[in-house]
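Here is the structure we will look at, set down as structure tokens.
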């Protein structure tokens, strides 16, 4: 048996998220089906760095799997891509040690959220960015960010549906860049709770639109109550961009 | 009755082209359905600057239609977009004179063709660019372009399926720009024949890959025979970018 680490990318639009669910098209299901086919029907299990929700995209998701096949490292990528559907691609495959785990060994992640600031519809961006036609006070957003950085209990920024108990995470940075009409939020942290990035984007938009003050974020964090934060920003703007390992 | 001129944009991926065909989802059908709904069931006919094929995109297609409705000019865009599907958007609506015709008054068009130069699959570009994993000799392509510019009989660069008799067109310019791994061809001319841009891209790729010499284009033009030119480049890289009027 050899363990392989892969970087994969997917357009989340037509997937019901990453994780296997009964009678849904998920990324894990498609990957395991293809690997099982390559292994002549012997089931192959795939482990990822974490789940992504329906409609959420990935530019650099990381998975691992074990295989007894003697395929040269550089042929795996071609073999897998030849069987995978067009909305899911393997970007790299490398041999790794038997104890590597895509989820438990991850030391950090980068997510990006794409917000299209326009009142005009764009058919080409409908699945790849969240259209936001209102004015945003960028100074207020930049003033709010420092309240979120560092190590906090992010209970207020986590879906109540989570099963995770420890909600303490460290948010290393939130950077904002502007590219034409696209506002891009980059979040880097040691880990993210369920819906955390989308709830953070939601609250930053409420600050930017004047519905909240930047300093409200302090109280929201301290409340440790999901109901204190605002709406969850839509899935289609979110990309799992990169997973970091030691 | 008032005539309106609209600029529209569509993601061609899920349309069977622009023109109405029996039991197909086409751009014209969707537009006419929405307008007919707005006119309480009275059929409204839409005329475009020209057809686009299945899978071909539009950033600036132009259409016109007539309406007796007394909707203020600036409300039309909102009204239409509220009824149109997400892959088809109206970018502008303006009143025009009764003799304006989207097709007959067009004096030129710009098409762009997006070629992604990469051996890596990109799930996000699969419907929006043609992936080309081979080396291209850009100098050879630039040497070939002048043979195509100017006024020619473009029979060799027109699908044999066309019904148009006059195949003389003037190609004003072909510009090539590079943006990261994307090679963008911009074609401007007074009119384009059926599949002409895709056949032109196909032959330029054959020149770039060394299968043909730049000067072969002279003979191909003179042959006035579709069989002399090469393959038609795939639809998903092509965008009707702009239509010019006096």
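For all residues, glycine too, the Cβ spot is worked out from N, Cα and C.
These features come from TrEMBL:
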DOMAIN    A:8-105  domain 'Pseudouridine synthase I TruA alpha/beta'
ACT_SITE  A:53  active site, nucleophile
BINDING   A:111  substrate binding site
DOMAIN    A:144-246  domain 'Pseudouridine synthase I TruA alpha/beta'
*Residues near the residue listed as 'substrate binding site' in space but at least six apart in sequence (CB under 8 A)*: A:186, A:187, A:192, A:197, A:238, A:239, A:240, A:241
*Could you count the residues of the domain 'Pseudouridine synthase I TruA alpha/beta' (A:144-246) that DSSP puts in helix, in strand and in coil?*
35 helix, 32 strand, 36 coil
*asked:* Can you work out the mean pLDDT of the predicted model over the domain 'Pseudouridine synthase I TruA alpha/beta' (A:144-246)?
replied: 95
